[in-house]
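Asks: The domain 'Amino acid transporter transmembrane' annotation in TrEMBL covers 12-66. Residues or ranges marked as region 'Disordered' by TrEMBL: 84-106. If you look up TrEMBL, you'll see 16-36, 42-63, 161-181, 201-220, 232-250, 301-324, 366-384, 404-423, 435-456, 477-499 marked as transmembrane segment.
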Amino acid sequence: MAGGPSDGSTYSKKTAFVYIFNLIVGVGALALPYGFSKAGLVLGLLFLAAIGFLAFITTTWLIEGLSIANFILVNKKSEKIIGDEDDNRKQQQQKRPIPNENDSLINSEYSDNRILQANVEDRYLLESNCNNEFTEQFEIKKRVEVGEMSKMFLGNIGYKVFYGVLIIYLFGDLSIYAATVPTTLANVTGGWGKFTDYSVYYFYLFLFACFVGPFSLFNFQKTKYLQFATLITRNVAFLLMIILSIIFIAQGNGASIKQVPMFNISELASIFGVSIYSFMTHHSIPGFLTPISKKDRLFTLMGLDFILVFIAYGTLCVVSLFAFGSVTNPTCATSSTSIHTFIPCQIQSLYIYNFTSYNNKFISDFLSLFPVFTLSTNYILISITLRNNLLQLITWKQDKISPFVRNVIFSLTSSLIPVGVAFCTRNVSLLVNITGSYAGLGIMFVMPALISFYSNKMLTEYYHISNPKKSPFSNKFFYLLILLISVICLVLATWKIIITYK
């Protein structure tokens, strides 16, 4: 997955702090105010804080797994050198029993018997090293993706499950983008001639498909300047929405505290999926942590980032409720029909739609078109990422089909299937909830817990050592807590979707 430079360059922790913040804060946050309007201010903040804290816990588990993966790769190389220098030792190692294919820890190329069944002498030499040299072996120097860690610690089955979940998540991500861009364009332009506001959506969806389809056939990476432009545009849009909401409240048009929904436990499931989606960054952790020049206090770095992200999300949601929490008008008029009249409306599925009729046409169009600028670029990049994952996971008849044909087939599959989903439904809130509640739950909660548990188990059973960079949350209590919460949230989210859309 993307995240961080791939050219070998490094950056400081301050730069990483900014980069991680911008990576976490995405368009998914625009759906948070709608979830808050259903669940209530107090319940929304409490639940958002809880999800953010749990996301931080599972992030530390992936950092821990990444350090153990680096340790294994370092010692794999050392074992190979030792084996070349000492034939007798190599022969003794080869005579040891080979782990069964159904081994619960590993079933992959990383289960090299020379590594996992290290003899007593090697273990003694390893443990007799000075503390600095020992800790250095756990330093995160090599970028090991989450999928690779799944293969190292969970075996082939875990590897395939992870990539299957990741692919589902990416399809959901692209479906959200495919529905958001034409919806935004339809809100800005409205209908014309025989095209109504509703039907023009499908016209823009067709144009969108024609645009992204050909680009998904190529291989390219986001340039530094394009990335900075996207980040600036997104942050300006977020800041504008907060400022405009505060201005609306200051003019005496907002809701009183009695009118703001506070605690509606029956709507808890409404905010779960979007909260998961808004804190999702776990699949990119190896990419943006490995290039950091000095990797001490990574847990603190991630903790501060999550706190800042929570403050940003909380601010946006609080001002949205006090600005439009009491409005009963279901939809805002488009800017094309009411350029000089700001018509407030209920909090929309994406918060930017609350400003489609803002008095200033430039600001209105900028906020309305914000998803078009950012999502169209990201759609192509994520589509290429999805295609590459599909090529890696699906190897059926790989030798009989030319690489060019496979590339075309999977490129069109990754770019056009989400368009088909957007053709069937334009309900962005539903897509966000499904993506976050199912695939996002697996990537953010379940897989990190399994990677942390089995990586530490491998380290203890085969090396008889502990990880000096071990997460403070790596114990049975938090493992069971995360898995229990995952099951409960999965049931609640499914129940909410069923009763809402039956």
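Keep in mind that glycine also has a Cβ here, set from the backbone N, Cα and C atoms.
It should be emphasised that the depicted structure is a prediction, and the values quoted were computed from it without experimental measurement.
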Asks: Could you check whether the transmembrane segment (42-63) packs against the transmembrane segment (232-250) - three or more CB pairs closer than 8 Å, residues at least 6 apart in sequence?
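Replies: Between the transmembrane segment (232-250) and the transmembrane segment (42-63), which are separate recorded stretches, there is no contact, as judged by 3 or more close Cβ pairs.
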Asks: Against which stretches of its own chain does the transmembrane segment (366-384) lie, if we need a Cβ under 8 Å and a gap of at least six residues from its ends?
Replies: 2, 27, 30, 170, 173-174, 177-178, 180-181, 184-185, 187-188, 208, 211-212, 215-216, 218-222, 226, 230, 233-234, 237, 240-241, 335, 350, 352-353, 355-356, 358, 411, 414-415, 418
Asks: Any residues 6+ beyond the ends of the transmembrane segment (404-423) with a Cβ under 8 Å from its own?
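Replies: Distant Cβ neighbours of the transmembrane segment (404-423) are 170-171, 174-175, 177-179, 182, 202, 205, 208-209, 212-213, 216-217, 379-380, 383-384, 386-387, 390-391, 394, 398, 431.
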Asks: Looking at 16-36, 301-324, 435-456, which one has the highest count of Cβ pairs under 8 angstroms to the transmembrane segment (161-181)?
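Replies: Top-ranked stretch among 16-36, 301-324, 435-456: 435-456.
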Asks: Residues sitting near the transmembrane segment (301-324): Cβ under 8 Å, six or more positions beyond its termini, same chain?
Replies: 13, 16-17, 20-21, 24-25, 29, 32-33, 36-37, 41, 44-45, 48-49, 52-53, 55-56, 59-60, 63, 238, 241-242, 245-246, 248-249, 253-255, 257, 260-261, 278-279, 344-347, 351, 354
Asks: Counting by DSSP secondary structure, give me helix, strand and coil numbers for the domain 'Amino acid transporter transmembrane' (12-66).
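Replies: The composition, in the requested order, is 51 helix, 0 strand, 4 coil.
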Asks: Would you mind listing the long-range same-chain contacts of the transmembrane segment (201-220), meaning Cβ under 8 Å and 6+ residues beyond its ends?
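Replies: Here the qualifying positions are 178, 181-183, 185-186, 195, 376, 379-380, 383-384, 387, 407-408, 411-412, 414-416, 419, 422-423, 426.
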